[in-house]
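What Swiss-Prot records for His77, Cys114, His131 is Zn(2+) binding site.
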Amino acid sequence: MLASTRHIARGDTGNVSVRIRRVTTTRAGGVSAPPFDTFNLGDHVGDDPAAVAANRARLAAAIGLPGNRVVWMNQVHGDRVELVDQPRNTALDDTDGLVTATPRLALAVVTADCVPVLMADARAGIAAAVHAGRAGAQRGVVVRALEVMLSLGAQVRDISALLGPAVSGRNYEVPAAMADEVEAALPGSRTTTAAGTPGVDLRAGIACQLRDLGVESIDVDPRCTVADPTLFSHRRDAPTGRFASLVWME
């Protein structure tokens, strides 16, 4: 069991028809052995499956939900978004975004540098979780998730978004041609790293994208996965684990 929920950062948004809960874990408080120590929640990185299952059970208990009410994805850096409306015992394959209108159904994203995007409309009672890496963000996975939310009755003016911990532009060096390519698909993302080289700030680009689509309530977790040792980072430590970001409604 977790010693306490101090390993989990919580945030609430809105109280119109439902309460929105958002959680981001750290790497502390689990049972995984190095290099996945200790609260690894990714089941695709080479960790002991029993350890991952134990960590996921701890997470579900810590947020007060049965294990099958935490919905996971087998993420592939694509743009597929799935609507979920009931508990699941297995992850959704080849999926990078989840949307639900069902209360007490937590949508989970696992990352170690990519951007976890947690969106919700508390008035309409609709939530979404998106895994937005460079490739998925370029393909429009965040836009796809927003479109599904709107199709269910969400209103752009009522949607709040949290962009969770991810690699910062200061630490995300890429070739100049790649930075230009990402900028073309995601304006506002091209930047310069701390070393003065071409870089990408995915969260800046996604925030610009959401604002252009009419989303005004956007919060960005300031933590950089590469710089913060309490978080998993593939760029810094590969092989390593994954932390989770979740959103659900009560």
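Note: Cβ is positioned from N, Cα and C throughout, glycine not excepted.
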Neighbouring C-beta atoms (10 Å sphere around the C-beta of His77 (Zn(2+) binding site)): 16
C-beta crowding around Cys114 (Zn(2+) binding site), within 10 angstroms: 26
Zn(2+) site shell beyond His77, Cys114, His131, criterion: Cβ within 8 Å of Cβ centroid: Gln75, Asp96, Val109, Thr111, Val115, Ala132, Gly133, Ala135, Gly136, Val141
Number of other Cβ atoms within 10 Å of the Cβ of His131 (Zn(2+) binding site) across all protein chains: 27
DSSP three-state assignment for His77 (Zn(2+) binding site): coil
